[in-house]
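Reading through the C-alpha cells given below for one structure.
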Amino acid sequence: MAGIMGESGPYGADALFGPQLLGRLDFTTYFENTILSILPNGFFVAGSLICLHQLFCQPRLVRRGFLWWLKLTMSALLLATDLGALTLSSLAAEPTNLAVAAAATSCLASVLVIILADTEHRRSLHSSGWLSFCLGLYALLGIAKARSFFLRAELHSLAILQSLDIGIMAVILVLGEVSKFAEIIDPEQRDAAGPEALAGFWNRSCFFWLLQTLYAGSKRLLNVHDLHTLEDDLQGDRLFAKFVPIWSRWNKRSSKVLFKVLIRTLLRSILVAVVPRLALIGFSFSQPYLLERVVLLLESKNPRDNFENGLVGAAALIYIGITVSRAWYNYLAVRMATKTRGILIAAIYDKTVKLEHNQAKKLAAVTLMSTDADGVTRNARTLYEFAANLLELAVGITILALRVGPACILLLAPTALLSATSTKFGKKVGPSQVTWNKSIEDRVSKTSAILGQIRTIKMVGQGPAATDYIQELRKKEIDESQKYRFLQAALLANAMLIYCLTPISVIAGYIFWTRPNVVLKSSDIFTILSIVAIVSTPLSKVVASYPGVAATFGRLQRIESFLLLPERIEQREFIGRPLATGSISGEAEKLTHCDEQSWDIYPADVHQVSISATKTSGTIIPCSTFSIPRRKFTMVVGKTGCGKSTLLRGLLGEAIVTEGTISLERAFVAYCDEQVWIQNRSIRENLICASNYDARWYSHVLSACQLLSDIQSFPSGDQTIVGSDGLKLSGGQKARLALARAVYALAPLILLDDIFSAIDEKTADGIMNALLGPQGVLRRTACTVVLATSSGLLHIRGFQWTANFTAKFYTLLNNSQKPNYHLLAIQQWLTVAMDCIGMALAVTLVALTFKLGDSSPSGTGLALLNLITFGEQLTFFMNDSTGLETSLGAIARLDRFIKDTPVEKDVAGAPPVPLTWPENGTIEFRGVDAGYGSQEGGKRLVLNKLSLRIPGGSKLGVVGQTGW
C-alpha cells in the first residue's frame, strides 16, 4: 500500500519488505499486505474448501434459528467492510497491485466465512474449529494492521474499516461459542448431547466446558451418571470400526504391528495435534527474545514509550499464545489417549470372543484390559510426543548455535556422558515390565478362580490357606516389580542430572571456548540461559520418557501377542435357513415358526467324526456317526470321563474335530454347561439375557422349571441380584435358572450337560415332565433336546448372543471411558489454570519493570528466566498432585470396602473355644437363623430356628428339595 502514501516522507520505506519499518516500532505495509494478508487468506481459502467438503457429507443436525441469523448477519457485515476496503484501495490516488490483491483475497475469505458459518451451523453440533481458529488469528493480525493504518494519516479510513473488521470477528467468535442446544432437530440427540459436544472451539480448547462438572462436583460426590456422554468419535464401537480394516490389512510379520496400526488409525488426530504443538514450540522459543529485548532496553537507560508498550504487548501475546496452544494441544492429547484406550480394550474383547474356549478361560484378557491397556493410555501422550520433543530439541540447538557457536554441542555433553547408563538400563525396562505384568496376570486369574469357589473353600476350612496363597502371589508380584521400579528411578535420576548439568556445560563452553575474550553482558547471559532452559525440558523428557516408552512397547507387545493368537475355527456345517437370534415376540409365533420347519433335515448329523478336547490332546471321541432326530429327547450316557461333555462341545463347535463332518440345521444352539454360568445380575436378566422379554412365555418357563416358589420367597422377586457366580443361590437354584434360560431362548437344538445332577430327584422328575412330557413345553415347541448325564463364552457363542453381548460391552466400555476422560481433562484444566497464573505474572512483571523506572536489568532477567521454567514446574507439580490424589482415592475405596463389607462374626457371649478343639468332632446347632444378604437389605432366611446335634464319628445325609 506504499503507492497510496507515496515513497517520500517518514513512511517511504513502506515499499520495502521489512518487516520492521526503519526507525519505528511498526511493520511495512508491503510486509502486512503479503505476510499478514495474502498468505493467511490463501491458507484460509484452502482449509475452508476441505472443511466444506467434509461438512457437506454430514446430515443436517440443527435448524435455522435466531443464532443462525445473527451469524449470517455478522458474516455479511464482515464482507461489507472488506468490500469497502477493496473499494478504497482501488480508488486510491496511487493504487498498488499488492494492496488491491490483499483486499481482494480478504473479500474472498469473507465469502467463505459466510458459507462456513451457514454450513457448520446446520451440519455440526458445535462451531467450526477451523473458522474459530482463523478468525482469532485474523483478529490478532488485524490489530497490528489497524495500528499501522492509524499511524499513517492518509490511511485513517482503512484503519476504521480494519477496526470494524476486528470487532465483527470478535462478535462472530462469541456467537460460535454459544450453544445450539435449543435448535437441535433430533430430540434424542438433543438429550444425549453434553456440554463438550455443544461447546465452541475456544471453549473446548481451554476446557471451560468442564466448569459445569466441576460445579456439580463441589456440591456432591459425582458418579458415572453425572458425567456427560462422550462424543461419537470417542465411542468404542466407532473407534474399533476404524481399527479393524487397518489391522486386517497390515502385515502381521513386521515388528511392532499394533503400534503402527494405532498410529495409522489415529493419524488424523495426530496430524491435527501437530499444529498446536508447533505453535507451542514457536511461542516457547519467543521467550528468550522477549527477555533479551527487555534487558537490553533496561541496560540502554533510554526509555522509549513505544518500545516499552510494544514489549508489554509482546509479553501478553507470547504468554497468551503459550497458554492457548498448550491448552489446545492438551485437549487433543487427552482425546488421543482416550481413543487409544477405547481401541485397545475393544480389540481385546473382540479377540476374546473369537478365541478357543481353553485359551479364553485363562483370563489373560482381564489383565490386558486393565494393567496393560491402562498403562499404554497413561504413556500414550509420551509416546506420541516423543517426535515433537526431538523436533523441539533440534530447533533449540539451532537457535543456541546462533548465540554460542560450537559450544552448543556441549548441550548434549551430559546426555552423552550418561547415555551408557541410560542405554544399559533402558534395554531392561521393557522385559522387566513384561515380567511384572505376567505376574499380575497370574495373580488376577488365580484370585478370580479362588473367589469363584469361595463358598466351597470356606466350607472345607481352606479360607486361611487360600488367603495365604493369594498373599504369596501378591508378594511375588511386588518382587517382580522391583526391577522395573529400580530401572525407572535410575533413568529419572539420569534425566535430572542432565537437566542440572546442561546449563553449566553450555555457559562454561561459551566463556572459555568460543568467546574467551568477550565481556558478557546481562542480556547475553540470560538469553543463553533461557534458551538452554527451554531446550533442557525436551532433552530431559526424551531421557526421562525412555522407561515409559520402553514399558509401553512392552505392554503393546503383550496385547499384540494376544491379538495374534489363533482364533476358533468354525468346523461345523449349517444346512438350514438362518433365524433371527434371540428374537422372541410371543409364544404363538414361536410355535408357528417351529411347526413350519422342514422335517427332512436332522437338527444335528454327525458323520465319521473324531473329536479332541484341544489341539494337543489325543482323540476322545473316535470315528462316530449318528443323527439326532427332530422333536426327540436324546440322551448321551456313559461313565465319567468317557467324553460326553466333549461330544456336546463338538456339537457346539467348541471342541477340535480332527476328521469327519458335523452338520447342524442352524447355528442357534441353547447350551447348559455342568459348570453353571450365572452373571452378577437379577434373576430376570440372567434368564432372558439377550432375548426379548415376553411375559406369557416367561411365566410358562418359570413354572416349568419350578422357579416360581423360589422367586416368591425372595424379597425383591425376580429383580433379586444373585451375586457373582450366583453366590446367593443354591446349586439347584442355579441349575434350574440356567435350564430356564436355555428353554426361554427357544433354540431349535438344546444341549444339556448333566444339568440335573445338582437338582433333587423329585424336582428333577417334575421339571422333566413339564418340559419333555407328552404336554411338555419343549414337546409343543418342536425343539430337539440332547442330555448328557454322569464360562459363559460357550453359552454366548452357542446361543448366538455374541452381537448382543458385544453391544453391552460397548455400553460398559463407553461408561468406563467417561470418568477416565473427565479425569484426564480436569488434570489438563488445572494446567490451563497454572499457565494463566504464569501469563499474568509475566505480563505484570514486564509492565511494572518499565513503569517503576529503576528496575535492575540483571534482576529482571533473572525473574523472566525463572518464569520460563515456572510454568513447566508448576504443571509437573499439578500432574503429580492429581496422580497422588487419584492414588489416595483408590486407597479410600479399599478402606471403604474393608469397613462396609459384612464379615462373619461369632455370636456375642459364646464360650471361648478351647485350645484342644475339636476333640471328638461333634457338631451342634442351637436355634440357628441363617440366610443370604444383610439385615438392612431384607435378608431371606434359609434356616429358621434350626437345632441339631451330630455326634462325632457319625454320618449324616441332608436331603430335601433344591432351594429349601
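Here the Cβ of each residue, glycine as well, is placed from N, Cα and C on the backbone.
Curation does not apply to TrEMBL; its annotations are automatic.
Annotation source TrEMBL lists domain 'ABC transmembrane type-1' at 278-551.
Annotated domain 'ABC transporter' per TrEMBL: 606-832, in sequence order.
The transmembrane segment annotation in TrEMBL covers 35-56 (among others).
The annotation transmembrane segment is assigned in TrEMBL to 68-92 (among others).
Per TrEMBL, the feature transmembrane segment maps to 98-117 (among others).
Marked as transmembrane segment by TrEMBL: 129-150 (among others).
Residues or ranges marked as transmembrane segment in TrEMBL: 156-175 (among others).
The transmembrane segment feature in TrEMBL is assigned to 266-290 (among others). Counting residues 6+ beyond its ends, the transmembrane segment (266-290) has Cβ neighbours under 8 Å at 311, 314-315, 318, 321-322, 325-326, 328-329, 332-333, 335-336, 339-340, 343, 384-385, 388, 391-392, 395-396, 399, 527, 530-531, 534, 846, 864, 868 in the same chain.
What TrEMBL records for 310-329 (among others) is transmembrane segment.
According to TrEMBL, the transmembrane segment annotation covers 491-513 (among others).
The list of residues near the transmembrane segment (129-150) in space but at least 6 beyond its ends in sequence, with Cβ under 8 angstroms from a Cβ of it, reads 26-27, 29, 32, 36-37, 40, 44, 47-48, 51, 113, 116-117, 120, 156, 158-159, 162-163, 165-166, 169-170, 172-173, 176, 200-202, 204, 317. Under the criterion of 3 or more C-beta pairs below 8 Å, with sequence separation of 6 or more, the transmembrane segment (68-92) and the transmembrane segment (156-175) qualify as touching. Proximity of distant same-chain residues to the transmembrane segment (98-117), defined by a Cβ-Cβ separation under 8 Å and at least 6 residues beyond the stretch ends, is recorded for 1, 3-4, 29-30, 32-34, 37-38, 41-42, 44-45, 48-49, 51-52, 55, 71-72, 75-76, 78-79, 82-83, 85-86, 89-90, 92, 128, 130-131, 135, 172. Averaged across the domain 'ABC transporter' (606-832), the predicted model reaches a pLDDT of 83.
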